[in-house]
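*Asks:* Take a look at this one; I'll ask things after.
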Ligand SMILES: CC(=O)N[C@H]1[C@@H](OP(=O)(O)OP(=O)(O)OC[C@H]2O[C@@H](n3ccc(=O)[nH]c3=O)[C@H](O)[C@@H]2O)O[C@H](CO)[C@@H](O)[C@@H]1O
Ligand SMILES: C=C(OP(=O)(O)O)C(=O)O
């Protein structure tokens, strides 16, 4: 079992470039099955979830070449409709294959998706929309058997702007008969990236980034080259690392517009941030201010995927902060682990009250999910003594060599077996 060992106390300084976004690349890789075409995708982060998606594509019969950064997928030879359960259960994004495979073959068998344990993650919005587009979905023993002769465009009003459901409907709509309209669509930047990839391949999708997305079905896809947008959550995590260590870091290859809500909350905490084009300089303050209220919301609100990292920052703020997690039911598992390190956090359902303490102390901790694990690493960077973070496979789902990035910036962190 691999773990991180961190000796706290180093101030992080230096410069780095942000890699491609996990939440953009996964739906785009799922989309590659649709066209029977060749997709050359660049700026791909080398993550566990990407490896799993690659395995799924291979199992479906696609040919895949991947060098850790560029993936070439040829979906012409696709000849399977069963997505293996052991792969689907590894990650949430596998559900996006439902819309993509129905577009391609009109049939798919997959199980309920896995992913981080951050509360129940129903797929009712996905299923209702895909059924509204004409598919029959049989649910039995945890499996979904979806079938349709040809998907039909539909007007879909989402009860909640779900990222995954929005993506699934787009993928189901691109080759459907007629036009699909999604209202109350999720507006995340990763959905714009998906639209851009699809349109390069010949699809007709418009409106991504707004709450109304229109998809006109087309018959043919062509070969496509696409570069993945940079990861706003990895950027936010590094910004928080600079902030908490009183560091001074220049971050390149970052879309500033995508991190405005993170910049606003870090500035409220006293962090100094200068932006310039696609770069920013982040300087941690001597004293971190508490934040009266940090509420997670769908984009462009503050991202739930940055909540855990911000909680770590607030554990050493001067004063009391409140975090309200509105997106997921149970996303405070890191609070207990931070408490082992001396943090003073009380949780009441989806609200956490964090009373800043003078210092954290090193402890043995366990990553319970991806971002919660990153939050423990951040805590380890400033804790007195040594912190061990176990179950780092969660962290590796979404961060490419986090320990190496932090080492380069001056952190004393090692990955050991
Ligand atoms: C691979 C990927 O892109 N993952 C991101 C995506 O996850 P994901 O697409 O799973 O997140 P959703 O936006 O769908 O989920 C948001 C909320 O809606 C609920 N819901 C969702 C679908 C549904 O059918 N029914 C339902 O009730 C969920 O339980 C959750 O409470 O967006 C989340 C919210 O920004 C991020 O934290 C994840 O990192
Ligand atoms: C929750 C996350 O991912 P997923 O939806 O892939 O589980 C995340 O990226 O923080």
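Including glycine, each Cβ sits where the backbone N, Cα and C put it.
A TrEMBL annotation is a machine prediction, not a hand-curated record.
Residues annotated as active site, proton donor in TrEMBL: 116. The phosphoenolpyruvate binding site feature in TrEMBL is assigned to 22, 23. Among the features that TrEMBL reports, UDP-N-acetyl-alpha-D-glucosamine binding site is placed at 92, 121, 122, 123, 124, 125, 305, 327. Look at TrEMBL and you will find 7-403 tagged as domain 'Enolpyruvate transferase'. Annotation comment: TrEMBL describes 116 as 2-(S-cysteinyl)pyruvic acid O-phosphothioketal.
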*Asks:* List, in residue order, those binding-site residues out of 122, 123, 327 with a Cβ under 6 Å from any atom belonging to ligand 2.
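*Replies:* Checked binding-site residues vs ligand 2; nothing flagged, none.
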*Asks:* How big is the gap, in Å, between the Cα of residue 121 (UDP-N-acetyl-alpha-D-glucosamine binding site) and that of residue 22 (phosphoenolpyruvate binding site), rounded to a whole number?
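*Replies:* It is 19 Å, counting Cα to Cα.
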*Asks:* Quick check for the class: what is the C-alpha distance, in angstrom and rounded, between residue 125 (UDP-N-acetyl-alpha-D-glucosamine binding site) and residue 23 (phosphoenolpyruvate binding site)?
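*Replies:* About 19 Å separate the Cα atoms of these two residues.
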*Asks:* Which binding-site residues, if any, among 22, 122, 305, 327 have a Cβ under 6 Å from ligand 1, given in order along the chain?
*Replies:* 122, 305, 327
*Asks:* For the binding-site residues listed here (22, 92, 122, 125, 327), tell me which residue's CB has the most neighbouring CB atoms inside 10 Å.
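*Replies:* For the binding-site residues 22, 92, 122, 125, 327, the Cβ with the most other Cβ atoms within 10 Å is 22.
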*Asks:* Distance check, please: Cα of residue 92 (UDP-N-acetyl-alpha-D-glucosamine binding site) against Cα of residue 22 (phosphoenolpyruvate binding site), rounded to an integer number of angstrom.
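*Replies:* Here the two Cα atoms are 12 Å apart.
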*Asks:* If we check Cα distances from residue 22 (phosphoenolpyruvate binding site), which of the binding-site residues 122, 123, 124, 305, 327 wins as closest?
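*Replies:* For residue 22 (phosphoenolpyruvate binding site), the spatially nearest of the binding-site residues is 305.
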*Asks:* The record names 92, 121, 122, 123, 124, 125, 305, 327 as the residues that bind UDP-N-acetyl-alpha-D-glucosamine; what is their largest Cα to Cα distance in Å?
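*Replies:* Taking every pair among 92, 121, 122, 123, 124, 125, 305, 327, the longest Cα gap is 22 Å.
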*Asks:* Could you say which of the binding-site residues 124, 305 has its Cβ with the most other Cβ atoms inside 10 Å?
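*Replies:* When each Cβ's neighbours within 10 Å are tallied, 305 leads.
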*Asks:* Write down the Cα-Cα distance for residue 23 (phosphoenolpyruvate binding site) and residue 327 (UDP-N-acetyl-alpha-D-glucosamine binding site), rounded and given in Å.
*Replies:* 16
*Asks:* With every protein chain in view, how many other Cβ atoms are within 10 Å of the Cβ of residue 123 (UDP-N-acetyl-alpha-D-glucosamine binding site)?
*Replies:* 19
*Asks:* Look up residue 22 (phosphoenolpyruvate binding site) in the DSSP assignment and reduce it to helix, strand or coil.
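*Replies:* The residue in question, residue 22 (phosphoenolpyruvate binding site), is helix (DSSP, three-state).
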*Asks:* In sequence order, which residues at least six apart in the same chain have a CB under 8 Å from the CB of residue 23 (phosphoenolpyruvate binding site)?
*Replies:* 93, 163, 188, 190, 231, 233, 305
*Asks:* Which whole number is the mean pLDDT over the domain 'Enolpyruvate transferase' (7-403)?
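*Replies:* For the domain 'Enolpyruvate transferase' (7-403), the model's average pLDDT rounds to 96.
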